[in-house]
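Peer 1: TrEMBL lists these features:
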{"type": "ACT_SITE", "residues": "Ser158", "note": "active site"}
{"type": "ACT_SITE", "residues": "Asp312", "note": "active site"}
{"type": "ACT_SITE", "residues": "His342", "note": "active site"}
{"type": "DOMAIN", "residues": "80-223", "note": "domain 'Alpha/beta hydrolase fold-3'"}
{"type": "DOMAIN", "residues": "273-344", "note": "domain 'Alpha/beta hydrolase fold-3'"}
Amino acid sequence: VWIIQLPKGTNFWSLSPYKQGRILEKLGICKEVYLIRTFLYGIPPWKDNANLFIEDLKFAKVSVRVYHPKVPSAGRRRGVLYLHGGIGQIGSISMYERVCRFIARRSNSVVVCVGYRLAPEHPYPTQFLDCLTATVHFMTTAEDYGVDPTRIIICGDSSGGTLAAAVCQTLVSRTDLPKARAQILLYPFLQAVDFNLPSYQQNGSVPFLLKKRTITLGMQYLSQDLSLMKGILEGSHVPEDLKLKFSKWLSPDNIPMEFKIRGYKPPASATYSEELYTLAKQVFETTFSPLLAEDAIVRQLPETFILTCEYDVIRDDGLLYKKRLEDNGIPVTWYHLEDGFHGALFLIDYGYISFPCGKRAMENVVNFIKDL
């Protein structure tokens with residue numbers, strides 16, 4: 001029997017959906033992620049179709065929504081595949097309606113938002129496989145949508161950035177497909193090795209993505225027991241040989257000093273647990289942690305745009321991947337929001353409740369696309 005004691009003067013309905021979800025999951029009523037979905041899916045999509053033709057289609061059985069500018073084009077357009085965030089469990093095509101419309105209208109590009117299937121109903125790595133399937137389908141049929149197959153850009157935010165990075169890495173070995181023109185990674189999650197980087201220490205309690213919530217949702221995404229959290233936060237899941245291998249890519253020394261000013265203390269060395277490694281070894285797969293890909297893969301990646309936010313717990317993932325790409329000769333356009341936070345793009349074009357920093361970021365994304 002669970003007894004839930006709330007702070008004095010607090011009632012259940014005054015709590016955030018995240019806290020409500022945790023309580024309901026402890027009581028065995030419903031999973032936390034289901035309540036979060038219900039809350040987020042209540043945000044209405046944009047209904048104005050004046051500037052775009054919009055179609056809901058299937059790309060090899062994967063649901064997609066295609067946004068096609070109505071303005072005539074002298075030739076084939078760029079194509080943007082958008083892979084939404086939500087740690088594989090939250091998010092939908094409709095939730096990202098405004099983001100995709102913004103990109104399509106402002107960049108005069110055909111945008112395809114991929115409605116990949118979600119966990120826990122469809123366990124990892126279904127999400128990656130759906131995104132890869134939709135991407136391959138689009139690349140092979142691009143001309144049917146008025147798109148130049150050599151000008152396809154793969155874009156994603158948060159865990160959608162994880163998916164975009166992983167898809168791009170997989171495509172480098174596909175000689176039967178055109179090369180991706182670019183990848184756009186918007187405050188991406190890219191590694192599950194070190195949760196004590198400066199950004200995790202500085203922003204662990206900054207909304208909307210808290211440090212512990214990152215690990216919680218990540219473990220739920222992989223269908224792992226949450227009892228693993230403490231050891232993973234400390235780094236006990238990483239064996240010494242992998243620590244040595246990954247240190248050249250994940251060392252805090254690779255993060256510029258300006259991002260340590262707000263505070264950083266090197267963590268104590270964690271005691272390795274072989275049991276924990278065995279249970280959590282999926283986190284080392286490059287479909288979950290693209291930052292761990294070998295140099296032979298990284299050096300073949302396309303031109304890249306990376307967005308990082310100062311007040312984001314996963315800020316340093318983007319900074320570290322930026323360095324890896326540049327070290328391997330990949331052109332990188334980096335835009336850092338000094339007043340930004342995780343999720344800043346979500347309410348783009350929502351009038352007074354939009355975040356100005358999100359609008360600035362999206363304008364930079366659009367400018368990058370238009371220059372390709």
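Every residue gets a Cβ built from N, Cα and C, even glycine.
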Peer 1: Could you put numbers on the helix, strand and coil content of the domain 'Alpha/beta hydrolase fold-3' (273-344), residue by residue per DSSP?
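Peer 2: For that range the per-state counts are 31 helix, 19 strand, 22 coil.
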Peer 1: I'm checking region-level scores; what's the whole-number mean pLDDT for the domain 'Alpha/beta hydrolase fold-3' (80-223)?
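Peer 2: Mean pLDDT across the domain 'Alpha/beta hydrolase fold-3' (80-223) comes out at 96.
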Peer 1: Give the sequence-ordered list of residues that share a chain with His342 (active site), lie 6 or more positions from it, and have CB atoms under 8 Å from its CB.
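Peer 2: Result: Ser158, Tyr187, Val206, Phe208, Leu209, Cys309, Tyr311, Asp312, Val313, Ile314.
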Peer 1: For a quick check of packing: other C-beta atoms within 10 Å of the C-beta of Asp312 (active site), how many?
Peer 2: 25
